[in-house]
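One structure is given here, and the rest of the page talks about it.
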Amino acid sequence: MLLFRVFSIPVRFFIALLIYFSWGPLAGGVVTAPVPEFSSPALIPYPSKVVRGAGEAGFRSVHVKVGSDVPGRDDLMKEIKDIFRTSGIQGSLNSGGAAEGAMTWELFPDARMKGEGYDLSVGLGKATVRAGSFGGFFNALQTLRQLVFNREGEFAMPVVRISDKPAFVLRGIMLDVGRYYMSPALIKEVMRRLSRYKINTLHLHLTDDPAWRLEVKKYPALTDGAFHWKSRLPGRFYTQAQLKDLTDYCARLNIQVIPEIDMPGHSQPFARAMKTGMQTEKGVSILKDVVDEAVSLFPGRFFHMGSDEAHISMKDFIPRMAEHIRGKGKEVVVWSPGGPHDKDSVLMCWGENEAGARMDKNMKRIDSNGFYIDWADSQSGVYQVFFQQPCEVPQGDDKALGAIMPVWCDGNLSSERRVLEQYPFYPCALTFAERVWRGSATKRRDYMAQLPPRGTDGWKEFREFEQRLAFHRDHFFQGVPFAYVKQADVAWSLVGPFDHRGKNDTSFEPERRIAPSYRDGDRILAWKKTPVYGAAVHVRHLFAMFNMHRNQYRTDHWPTLMSREVGKEDGTCYALTFIRSPREQEVWLMFGLNGMWGHSGGYRSARAPEQGSWDFSGGDVWLNGRRVNPPRWPFKSLPWTGWGKGRIEEAPLTWEGYFFRPPVKIKLRKGLNRVLIRSVFGHWKGDDGQRSWFFCCIPVLWDGIHYREVPGLEYDPRPDAR
């Protein structure tokens, strides 16, 4: 049972936090409106405006009044029952009077309120919700859900007034079911959780080269496994009845479904099954039939036709298909960059970080730049998403619609639930929900590969958010993968780059002694005077070197503390911190180097480590002068074969990423513990795959699924720490 408890906060301290205080949207702050440090209640996404009163409203049960004129009344009553179920509240709906000790929840329609906004007030014995739409009421109930906490068998909510509305009308997740089939049950489970964070869009990428997942009754060969990749669950698809059921389910959760049929690229199963390509008269005729069947399954506003990464040989293909889709009453969404589009298309923007693509702000658009979680790890992925600015504007409008977080499955998975494990799924999804609901005053590329300096407004805002994120991890994600621990107070000193001359595992002087500076050839290298913060530290980000195979570099795109020193060159850097432990204790170490979590390198991955090594590039880690040994890897370190030459990415990942493998046991002594990391970049042993120069290192508590912070640890990055 999901119980919202205040379990480590003394009651008087909790009440003391509930003083009157209000915030307006974007009223100062680096990213959004300031949120009080250690904010209580720990709401995600945090509302636009909160006025907190003194005290709390206690109750033993709830009596709910929902008038017949409330839009979506029946579905809202089901949602209230779900709140009762997950919190343990005993409640009654629209029947009889309130029992002794009960709180009354009332929902009132207000035609003056537009869109998904709502007002919510909680006082002694009563909570009132006002909204003008089903979406507004649904969102209010998610806030109400998070306000409830259970203390010693009784329930309470803080006395509070909330006025809230989203910065953007579209807030979504994309699932790449074309490349890897995910069952309707898993999709429902995921969207049920995300709806509680006001995510209102599910984008289904239904077709791609590995498989076609949409039943088309006129052309059953499309879903025939004989025409699908044998490694990607061939023949698994969604019947039209299943898709209708899924869209109905999502609608009850205030979620629209956007179907995507990718055309004309990413279409191998179409060509195999139909014995023709899409860019032919026969192909266009078939696709029009496909669209005719598909549009009836998805009652929402949008229909996505892909269009990217394809050679356009039939010049009128995209205009003809777009016209046909619009003739069915849908708005056409296309990838940008992609094929040619007209002024009425909605652009789904990507490629800014990979290829330098610019967003056309004169067009209707949905932003996905910086939100690809298949590029991200869990610790740095959270701050990467946190400091984005959806659509590159502070608030949405009729052109800046919102953002979608894509979950691409380019690499194979061993099971559907691995999408929740080997991706930083829920930590990044909740951070995304915060950002796309609240908006952002600025886009901070300088904070996407590193945390802001300690004490700055940006650092304070992120630190406050991760307090709320950890609270939700512990209270709402029991038994669910959620590999994130608070990191804003972790600090490191860096020195380098030392010249390893192509021998990546070369040992340099910091491994033998900690000194203020070191000689490397004719250079003197000193520890940086400015520390870098976070468990996850980029020496140089992936996107700086993403297109190095084309001799293209963007070393200042997402800058780091070491960007100027390392440029585009190889080298060895060292990271140092001293961890002060209040006692001797055995804990776990979450540790990883470089990555992008592939077996075999290539332009998006680092090659998996060999036995006895932490990473293929020659990095290492020492605790109190002794090497921390890596686990025995359950995989082979395989060389890069090139795209389409053996499809090495078809081997599912196991322990390649630090956040989806077991951490290793370490022993901290009482007092100071020295941690030294060797972090290396360089192509050697014939492999050209590495792009990211990165490490993550933090002691954690771990129960086999969940990570938590080790209490009482302090970090001192000074080389002369005592």
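Every residue gets a Cβ built from N, Cα and C, even glycine.
Taking Cβ-Cβ distances under 8 Å and a sequence separation of 6 or more, the neighbours of Glu309 (active site, proton donor) in its chain are Gly265, His266, Gly338. Residues annotated as active site, proton donor in TrEMBL: Glu309.
Among the features that TrEMBL reports, domain 'Beta-hexosaminidase bacterial type N-terminal' is placed at 41-164.
Across the residues of the domain 'Glycoside hydrolase family 20 catalytic' (168-277), the predicted structure has a mean pLDDT of 99. Here TrEMBL flags 168-277 as domain 'Glycoside hydrolase family 20 catalytic'.
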Exercise. In terms of DSSP three-state secondary structure, what is the assignment for Glu309 (active site, proton donor)?
Worked result: coil
